[in-house]
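Note sheet for the following structure.
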Amino acid sequence: MQLYHWLGFDSKTMSVRTELIAGATTFLTMCYVLAVNPTVLSNTGMDRAALFTSTALASALATLLLAFLAKLPFAQAPSMGLNAFFAFTLCQALGYTWQQALAISLIEGIAFLLITFIHVREYILYAIPTNLRYAISVGIGMFIAFIGLKNAGIVVNNPNTFVSLGKFTPTAILGIVAILVSGVLMARNVKGSLFFGIILTTLVGIPMGVTEVPQHWLPVSMPQSLSPVFCKFQFDGLLSFRTVMVVVSLLLVNIFDTVGTLVGLAYKTNVVKPDGTIPHVNEAMMSDALGTTIGSLLGTSTITTYVESASGIAEGGRSGLTSFAVGILFLVSLFLAPVFMLIPGAATSGALVMVGVLMLDNVKRMDLSTIDESFPAFITMITMVLCYSIADGICLGILSYVAMKLCVRKWQDLNATLLVLSVIFILNFIFG
């Protein structure tokens, strides 16, 4: 009775053993985030050891919140698209400090919390055309894959051609091995393929000299200190049109990512009612918003619901007991920092590229039958990669959509939200 009250576990139709196995499966398929997220965010100058602690702790707290509030078998952690947005768009492309980027994440988390609380979220979500939602997802996937290739040295800067194929250094070779191993494991439907791909590649990197094992190395230690990144906000210099555009872009991506994942996972758990409503979906959105706010306090980027939760659902997970198990395993991982800190950046490139491949799946859902639909979608995807900015891709995609619809006189496809966003983006390009 207590498990049903707190976690939605029904002993008549569910099994504790099944729920716990489902939780372990979900954790295994998504714990690669413990290696990848610190690697991505450390490109900003943030302390990698502290980032591991913040990643594990934020993932644990957000997932436990979801377990108790929504009572659904889903798990949450820092988004693999929005950590790239944080590191490579906010900090590298737009020139924000990582402290300012954390402040922006906090603002976005609070904004997400407010629009969830007053039920504005659905209005914003459905105001953005379906094609653009899919294009944003695909574009982020391409952007993540590009980062994976770049981190491994497979793609490098070139003053003549902008980018080119890198030299076959040990790091680049290890990156290629990581991509191939992760791809083969996924093709063979191995559960935890991204995690095992990272571990196997890390081991291969030892004789190659890429994986550096310190003397007197031990796999277990006390959790690393959070102090280098905890509440390190810098709000100076954030009052500008550019910051408004960034927060709006971050908010839109978070809404699309979270709602899309929640809806997809809800159908897998068979909890969707005949009228299409999803029980506890608002609580799930609230835990996501709270998770993002807490995550920024702890020093990590935006939290989202992970599609890898589907692996636990496939194992029979149906209640918050599954997500509770995932949250506890993230807490346990705090003591395994030496294992995850051993992983070289090249070993994570396989996970980044394969996450990009998975996000490419939305291409088949896009309507490419008319130019006024396909052109804005193409602009969204291509500019994210070529401009090295998720925010610019969203801005240019929405602006091109509005321009095309106005020019072909399909005014019925436009709405007030799109027009307001277009004005904000234009003002940003002029004054930002």
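A Cβ is built for glycine as well, from the same backbone N, Cα and C atoms used for every other residue.
What TrEMBL records for this protein:
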- 20-37: transmembrane segment (TRANSMEM)
- 49-70: transmembrane segment (TRANSMEM)
- 101-120: transmembrane segment (TRANSMEM)
- 132-156: transmembrane segment (TRANSMEM)
- 168-187: transmembrane segment (TRANSMEM)
- 194-210: transmembrane segment (TRANSMEM)
- 244-267: transmembrane segment (TRANSMEM)
- 328-358: transmembrane segment (TRANSMEM)
- 378-402: transmembrane segment (TRANSMEM)
- 414-431: transmembrane segment (TRANSMEM)
Is the transmembrane segment (49-70) close to the transmembrane segment (328-358), in the sense of at least 3 CB pairs under 8 angstroms with a sequence gap of 6 or more?
yes
Outside the transmembrane segment (101-120), six or more residues from its ends: residues with CB under 8 Å to it:
44, 86, 90-91, 229, 232-235, 238, 243, 246-247, 250-251, 254-255, 282, 285-286, 288-290, 292-293, 295-297, 299, 301-302
Check for me, if you would, whether the transmembrane segment (194-210) reaches the transmembrane segment (244-267) - at least 3 Cβ pairs under 8 Å, residues 6 or more apart in sequence.
no
Quick check for me: are there 3+ Cβ pairs below 8 Å between the transmembrane segment (414-431) and the transmembrane segment (49-70), leaving out pairs under 6 residues apart?
no
Under 8 angstroms for C-beta pairs, at least 3 of them, ignoring pairs fewer than 6 apart in sequence. Is the transmembrane segment (378-402) in contact with the transmembrane segment (132-156) by that rule?
yes
Long-range Cβ contacts under 8 Å made by the transmembrane segment (168-187), restricted to residues 6 or more beyond its ends, are 148-149, 151-154, 193-194, 196-198, 200-201, 204-205, 208-210, 344-351, 353-354, 357
Determine which residues of the chain contact the transmembrane segment (244-267) at the Cβ level, with the cut-off under 8 Å and only residues 6 or more beyond its ends counted.
72, 74, 79, 81-82, 85, 89-90, 94, 104-105, 107-108, 111-112, 115, 121, 124-125, 128, 133, 136-137, 140, 278, 281, 284-285, 288, 292, 302, 304-307, 309-310, 313, 390-391, 394-395, 421, 424-425, 428, 432
